[in-house]
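If you look up TrEMBL, you'll see 21-44, 150-170, 177-195, 201-224, 236-257, 263-282, 349-373, 379-397, 464-484, 496-513 marked as transmembrane segment. Per TrEMBL, domain 'Major facilitator superfamily (MFS) profile' is recorded for 103-518.
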Amino acid sequence: MPTVDDILEHIGDFHFFQKQTFFLLSLLSVTFAPIYVGIVFLGFTPDHRCRNPGVAGLSQRCGWSRDEELNYTVPGLGAEGDAFTRQCRRYEVDWNQSALGCVDPLAGLATNSSHLPLGPCGHGWVYDSPGSSIVTEFNLVCSNSWMLDLVQSAVNVGFFIGSMGIGYIADRFGRKLCLLITILINATSGVLMAISPTYTWMLIFRLIQGLVSKAGWVIGYILITEFVGLSYRRTVGILYQAAFTMGLLVLTGVAYALPHWRWLQFTVTLPNFCFLLYYWCLPESPRWLITQNKNAKAMKIIKHIAKKNRKRLPASLQSLRPDEEVGKKLDPSFLDLVRTPQIRKHTLILMYNWFTSSVLYQGLIMHMGLAGGDIYLDFFYSALVEFPAALIIILTIDRIGRRYPWAGSNMVAGAACLASVFIPDDLQWLKVTVACLGRMGITLAYEMVCLVNTELYPTFIRNLGVLVCSSMCDIGGILTPFLVYRLTDVWHELPLMVFAVVGLIAGGLVLLLPETKGKTLPETIEEVENMQRPRKSKEKMIYLQVKKLDIPLS
């Protein structure tokens, strides 16, 4: 009996139906971008200073300019590297007292203003920003700055928990039902986050968004790869990730037009409600239906695909069997990922590379928001360079292979981070160029680890291997906000130094993995253990054949 792949060869493995489905599911990837990295705009931290009651009245009475007001009333102004004092401390002075003069008002209180006592910002802050963010609304600065880190960590905790459960849910109840449920919860929690009255409620709804949004993105990825033929599976996977990059560009424009975080959150969430219409647009995966012994329903969907593609389904192909014949059942175990030498090496290197890709990708985006340039242009340019990364993968993986482009991309990202540390601020164009190069490198590495992970495990532990290794991506996302925002307080370029070391190590470790270009997916542990020695065994086989042929001729 034919498999689904056999039937797709006759009714179209990437024709009208698949293209339409790919477009619809790619919209899910577009709307996932604001959830994954939207913190850059939602949590933007503008320059700020302590609010001092009485300063506005004194400034108006004395006719000060804005610069004069700041110079007289803000401690640490102009002091190199003293941002904490400038932003988080205020003079313990009653600015309402009439004895204060208009020219150097603090001179009568101390011979040097540096001798005046300083205290925390007890009356809130003044923010130099025309819009608003969760930072400015909930005052997530100074001693509360860690609460901003928690917002992005919460969504990554949601990614981690949601991804761990999505495989079981989608396999147990079906791709379509699971997708629609995640869309509904994602849309609802996103809107509730936009109208949250307190920080705590906002954080809870952000966590819920994380629980379902990445799960929905993964289901979309699974669906599109199950609808297309084998030869198109890798390409649509890469293009599905490229749609995420399109979402980054859209996010930049929307954030520029809507500088208020509540309206921005509401706007990027609203399209998710439209995806509920997919109930009538997308069928269930026929491959999943076959695994559930629902062959009649699967055949009905296959006939629908054939009709959409204007193809005729031959009568000889109107019976189905699973894509993989059921043989001896093997129960996967976590120990299988570390029991044998080669698989253990693959597991450790892949886990580290998933972690690295997440830390560098999210970290570079977050650090960009702290760089002090035009955040919208910088974000737009760095998103644009992700498109060449997808093109490079498509052009190289079947020509050059996986290992060298993957290792090179990690090293380029690490080297770019290291170079950025030493580029002076007055060469802003060079800083942006190097940052874009690093962004392209880590994007390429991120997409490459998604592809190669499945090629380094035998069939019976392949899903488990991908699940365990990719979970390090979410662990990295949980830690990244604390790495970026806390290390920046020590030295602005310190996160880049950490990223450089992490990226260069990842590139070196990739070179220890076997090349998988042109190889079929391994079925057994023995095949994986022998992946490093294919050339030698092949040469030996050819040599023995030649010797056998030489004997009759002598």
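Glycine too: its Cβ is placed from the backbone N, Cα and C atoms.
Because TrEMBL annotations are produced automatically, they should be read as predictions rather than curated entries.
Stretch with the most C-beta contacts under 8 angstroms to the transmembrane segment (263-282), considering only 177-195, 201-224, 236-257, 349-373, 464-484: 177-195.
Between the transmembrane segment (349-373) and the listed ranges 177-195, 201-224, 236-257, 379-397, 464-484, the one holding the most Cβ pairs under 8 Å is 464-484. If you look at the transmembrane segment (379-397), the same-chain residues 6 or more away from its ends with a CB under 8 A from one of its CBs are 40, 234-235, 238-239, 241-242, 245, 248-249, 251-252, 364-365, 368-369, 405, 409, 432, 435-437, 439-441, 443-444, 447-448, 451, 517. Taking Cβ pairs closer than 8 Å, the transmembrane segment (177-195) reaches residues 28, 35, 166, 169-170, 201-202, 205-206, 208-209, 211-213, 215-216, 219-220, 223, 262-263, 265-266, 268-270, 272-273, 275-276, 278-279, 282 in its own chain, all 6 or more past its ends. When Cβ distances are compared across the two stretches, the transmembrane segment (21-44) makes contact with the transmembrane segment (236-257), since 3 or more pairs at least 6 residues apart fall below 8 angstroms.
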